[in-house]
Structure formats: structure tokens, C-alpha cells
Amino acid sequence: MISPLQAAAKQAFLPRLTNVCRWNAQSLNAISRVGLRQASMGPAGVSVAVLGLGLAFSRSTPVQCDALPAAATPTRSTPKAVDELPPPPESAISLYQLGFGTVAGLCAGIFVKKGAKAAAWLLGGVFVLLQLGKRKANDEENERPAKKAKDSSVKKAQKKDKPAKKVEKKAISAKSHKKKKDVGSDDGWEDVDEDYAGGSDDEGLIGNLDDLGDDFGDDDEIIRGPVQELTFSDDSEDEIPSKSSNDDESDEDEDDDRITMANMEARSKALDAAAAEEAELDAEELQAAANEEADDFDMDVDSDGGEGDEDGEPFHLPTAEEREQEKAAGGPDLQVLQRRMRDCVRILGKFRKRAEPGRSRSEYTEQLMADIANYYGYNEYLAEKLFLLFPVAEAIEFFEANETARPVTIRTNTLRTRRRDLAQTLINRGVNLEPIGKWTNVGLQVFESSVPIGATPEYLAGHYMLQAASSFLPVIALSPQPNERVLDMASAPGGKTTHMAALMQNTGVIFANDANKARTKSLTANIHRLGCKNVVVCSYDGREFPKVMGGFDRILLDAPCSGTGVISKDSSVKVNKSERDFTLLSHLQKQLILCAIDSINPDSKTGGYFVYSTCSVTVEENEGVVDYALKKRPNVKLVDTGLSFGREGFTQYRGKTFHPSVNLTRRFYPHVHNMDGFFVAKFKVERRSKVPSAQKEAEAEPAVNTAESANATTNSETVGFDDSEDQKYIEGGLFICVQYAV
Ligand SMILES: C[S@@+](CC[C@H](N)C(=O)[O-])C[C@H]1O[C@@H](n2cnc3c(N)ncnc32)[C@H](O)[C@@H]1O
């Protein structure tokens, strides 16, 4: 039985308790239990409960209502980042407060005994109000550092004229260069055993792009800190002050927190409005970031750090006359060039708003391309060709990336060792390395080494191949199977041949061909060093296939190309590639691709696949060649490369439209993937129908003469070249090749 007073006390306190408990279940559970127990003991107890509730309010932490405390949230932050986190909120009242509350409660009890009930209630009430006021002040105090952090980061971003998104983007790109510390972590090494046990026929397609991202993100300190600070805390901090800014209303607000039938609709409307407002802000922010994208590049030697000229003068685009004068005077110095490039990029990003009146977009573009050629040392033809591949600001990133070497990578030769063992041995020799990424289970990235990595006993014993990460990609895409008959049509010096031999576990047969006999020496040496026993070396012009040999289950054509993807390795490409070279090369590539297709056995039980790859990024050597093959050979279709990352190939480019399936091809870029520029296309070859699709044949561009005389294939079909017509191209293009694309 409870008295009417006790019942009233419960009625008065229970809803409040429920409300408060929503905020801080831990502290209030304790205090409400004390309060209620006291309440049921009589008026003195009620006083204690009132005082206790005051204390409870003072300690409640509404911000943490449904989230884990920041410090308890599992993050992958560094110790430094953890230090910077605010201390976890106290979840229970302190001894001091408990003692104080108890003494105050006893005093109230004495008053009550003397009949001064009113005084007890008054005391309790005043205490509650005082504590509420104190809590509010504390809340505001706690908000400040985060707000300050936000303000300063926003200011910083504004100062650099870059959106917050830029900070995130920079962090992402920085992380790809970042050296990971935990070389021995389980993450990277465990899958080696599985693969070594022969469980997978593919080299490393464990995971997808998300995995790759996670892999890079695991130890990423840079991105985690700022992103949390800018995105999450700011949003929540922004909301809290506006809610509690009106002190006078705080009591009412707390009453309003109770959801009743009466206020439910109003509350849900308010929530909808808040959500809509937030979405609007998000959209505005995104729009702003997109608008600023054009400004979103940085060049290392940034002299003034801001927009425009050093002296704040608006940018003036030189006239043709001024350009001539500048040339005559020996050209602008690097700083002028750099500033002008940045100004042009900025203006082209918001042309209508920023351009000088009367000047056209193409004038700015021309100036920019000329400056890029000048600044980075390209001939103007190539600078323009590469520039046009990307949006303006991204083009600068591409040219910049070509100025720095890509990471040194090695491929474990699984015919001789396991990646884990190789890594351990090399670490013992003083090599600092780690697995490349989840997309390959044989690659290792070497950060530094106290021994020459191309001359260790393990290297000489064939435990690994020094090989660019991008060179793994076509082999992964081809995925040769044990016991197959495979052709590597342009194979020297054998990086990909030996990789294929390992995937085939030294079974079946690989014909490793290269037209350049001299280069077959290094090919043979590598084959021996790596212990490949299923390889036959030959030296034919690839265009002689399938006349000399056909019926392959799979073929790799890692075609001779301009090498525009590997400029960081060979800067001579910047100046020694002319328009003629590109014409010759794409012509040769078109001839080779048809020969490769015709050398595939369309009835292969296990394969019937063909991969075309280049270490070039130009469209005419890649999508142009692939599209040509699709038109000339109706019996082939493009299939997914199986590669978990890489950009889609172009289906449209500067007025040309390619077959829609060309989007299945993949492009890789130094500035995006931190590997050499590369292109990979995978085809499935089917049996040719007896009546060839005349329409399709007719659609094909007459890039090569389709005279029926030359190169009769084993299928009694024609590859479709006219030797005499092509001779001049063949002579010019045959041995144009990239020696370093191993
Ligand atoms: C990009 S490299 C190949 C690299 C090789 N796949 C590797 O991974 O080590 C291109 C090769 O094509 C060869 N080549 C050039 N013209 C050729 C032709 N008509 N037929 C066959 N091979 C050719 C060159 O000698 C060069 O070794």
C-alpha cells in the first residue's frame, strides 16, 4: 500500500524519470532507484528524491543518447587521434555529489519532521533549477572545442580556396603513397597458404574494390581524423546549440521531449522539416564541392598559395602577339608557367564567371596545353593528346603523376616459394615491404631496401620477378588454367609469361613469342631463372599467327605500344612520339589483334579467351583497336575482365562512338591507381558462323586493306591484310615497342 502522497510523488516523478533515463540510463537508473525507494518511505524520502533528481539532471549527458561514447567506439585511429578525443562522459554521479545529496536530503528530512514541508519542497525545487542551469552551462562549454575545430578547419579550407571535400580527397590520395607499418599483420599474409595449396586458379581476385579500399584504409590515419571532425561532430554540434540556445525554454523543452498523442504529429513534422533542411544543406555542399572541383588541384611549387597573380592582379591571358614575344625572349620561367597553368585551370572550371571578356575557352585551353608541354617537357602533340583524355584539373594530376616514380613491386614466383616465406626472407635481409593489395596474393611492394633488390640470392634463385603492379593485370584477366595451350604473342622479357606459367602450375604449354629475337634472350633467361618448364620460346612476327600455329585455349597480346602509360619510367616518350608513331602503332595493333583472335580455338573446353593489353593510355591504341576487332570479327565479344578496379573504357571519345560493350574494358592511371598507365580488354571468341555477318564487316573502318590474298588462317578464313599495302607501316611499326613494360 502506498499513501496518496507517495502516489502523487510517483506520478510527478516517474514521467520525468523516464525522460531523463532516455538521456542517461546508467546514471539515472541508480539515482531513480534511490529516489523512488526514498519516495516510498514518506515525505522525507520525497525530498531526497527531488534532490537526487537535481543531481541526476546535472550529470545527464543527452548528446550520447543513442551512440556509443566516442572513446568506446572502435576506430582505427592512431594513439594521437585517440588522445585528441574528448574524455568519455561520466556515466554515474560522483561520491561527492552523492554525499552532498544525502546530507541535503537529511536536512530536508529534519525540516519535514518539524513540519516545514513547504521549505523542503522549495529547497528541492531550487536545487533542481540550479543544477539544470549548471548542466546547460557545462554543455555549452563542452561544445566549444569542437566548434572551434570546425571553424578553424573551415577557415583553412576557405583560405586555400578548397572545399572540405578537398581535404578528404588529398588524404585519400596521400594514403595510397603511405607506407603501412604493420608488415607482419595477418591481413596481408594469410591468404597465401590458401592459394599455395592450389585452391584458386585465379591469381588474386579475392575481394573487390571495397576490399581494396579497406585494405588501404586500414591504417589510414590521415583520412579518419579530419573526416570525423568535419562531418560527424560538426553536424551534431551544429544542432545542439540551436536546440538549447534558449535557456528560458529549457524546462519546457524537456517536457516537450515526452512523446504524447497530442504532440506526436507536431514533433514528426518538426523532424521532417529538420531532415529536409539537412538534405538541402547537404545538396548545397555537394554542389559547392562540384563547382570547386576545377580549382581542386595543387602543384607542389605553389609560390603564392592563392588564386590569381602574386600581386593579386586579375589574370591576363596573353594574346598571340604576347606569346610570340614571350617565346622570342626564351619563354616564361617556371613560376610564371605554373601560375598561369593554375589560373587557366581555375578559369576553365568556371569559364563564364571567370574568363576575361572577349576571350574564348579554346584560347585558354590552347595556352594551358602549351604551358603543360613547356612545363613538363612534352612535345605539343603528345601534351595535347594526353590532356584531352581527362577533365582539365585531372589532366594536371596525370601529368604530375608522371613526374614521380611508381612504387617498386615484385611478384612472388609461386613455382619456387610462397609470398609469406619470400617476404620473411627479404625482411631479414633488410628489405622493407608489404603486400600490394587484396587484388593480388603474389605481389609485394618494396619501400626501401639495404640490398639491391634485383641481385639478392632469392632473386637469382628465381623466387621473384621485379614487375610493375600494372603488369599483373592482363594475366589476372586472362586467368590461364592448368593444362591449357596458351600463346603469349609479344612476350619478351617474360614477366607475364612466367606469371602465366606459375598460374598453370607448370602444366600445359605456353608459346612465348616475340618478334624481336634479341629480346628473346632475356625472355629465355627469365624462364630458366623462374623454373618455368611449360614454356616454348619462339620468334615470329605476331601477324604470322595462326599460319604458323593456332588452336589456342587462351592468348595474351600485350601489344607493342607508345608507352604513354609508363612515362615516369621513360621520359623520352614525352618527346619522341609523333603523330606518325601513333598511326603506325595502332595499325600494327589492329593487325595483331585480328591474328590473335583468329588463333584462338573457339571450341576450347576450358577457355576460348583472349586478352589485349597495352601500357599506353591513348584511345587509338586501346578502345580504337578493340572496337575495330569487334567490327571485323563478329565472332568475338567483350567480357568482364574480372578485375576489381580500374576505370571503364571510353564508349565515346571526341566524336567517335565505340561499341557499348567497350565499357567492359579497363583503364588504369598513375594518378588514380598509383600504378603505370595500362589498358586491359578481355574477349570471348566463339565459332564463326558460316555466313559472316556482312553488315558487321561493312561497318568496320577500312583501317587495313581487306584483300583476301594474304595471311590465310587455319580456319580457311582471311585475316584481311594486304601485305604490299601495309609494308610501309610494317617496316615502320614492327619493332616500335616498349622495352620496360615488363
Ligand atoms: C610491351 S612489350 C611485351 C612485354 C611482355 N609481355 C612482358 O610482360 O614482359 C611488347 C613486345 O612486343 C614485341 N613486338 C613488337 N612487334 C611485334 C610483332 N609484330 N609481333 C610480335 N611481337 C612484337 C616487342 O619486341 C616487345 O617485346
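Along the chain as shown, the residues are counted starting at 1.
Even glycines carry a Cβ here, placed using N, Cα and C.
The active site, nucleophile annotation in TrEMBL covers CYS615. A coil conformation is recorded for CYS615 (active site, nucleophile) in the three-state DSSP classification, outside any helix or strand.
If you look up TrEMBL, you'll see ALA490, SER491, ALA492, PRO493, GLY494, GLY495, LYS496, ASP514, ASP541, ASP558 marked as S-adenosyl-L-methionine binding site. In the three-state DSSP reading, GLY494 (S-adenosyl-L-methionine binding site) counts as coil.
According to TrEMBL, the compositional bias 'Basic and acidic residues' annotation covers 138-171.
Positions annotated as compositional bias 'Acidic residues' by TrEMBL: 185-204 (among others).
The annotation compositional bias 'Acidic residues' is assigned in TrEMBL to 211-221 (among others).
If you look up TrEMBL, you'll see 247-257 (among others) marked as compositional bias 'Acidic residues'.
What TrEMBL lists as compositional bias 'Acidic residues' is 275-285 (among others).
Look at TrEMBL and you will find 292-312 (among others) tagged as compositional bias 'Acidic residues'.
Here TrEMBL flags 706-718 as compositional bias 'Polar residues'.
Residues annotated as domain 'SAM-dependent MTase RsmB/NOP-type' in TrEMBL: 398-686.
Summarising the annotation, TrEMBL assigns region 'Disordered' to 138-331 (among others).
Residues or ranges marked as region 'Disordered' by TrEMBL: 692-720 (among others).
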Where does ASP541 (S-adenosyl-L-methionine binding site) sit in the DSSP three-state scheme? coil
Whole-number answer please: how many Å between the C-alpha atoms of ALA490 (S-adenosyl-L-methionine binding site) and CYS615 (active site, nucleophile)? 13
CYS615 (active site, nucleophile) sits from LYS496 (S-adenosyl-L-methionine binding site) (Cα to Cα, rounded, in Å) at a distance of 13
The rounded CA-CA distance in Å from CYS615 (active site, nucleophile) to ASP541 (S-adenosyl-L-methionine binding site) is 20
I want to check the contact list for ALA492 (S-adenosyl-L-methionine binding site): same chain, sequence separation of six or more, C-beta distance under 8 angstroms. What comes out? ALA512, ASP514, ASN516, ARG519, THR520, SER522, LEU523
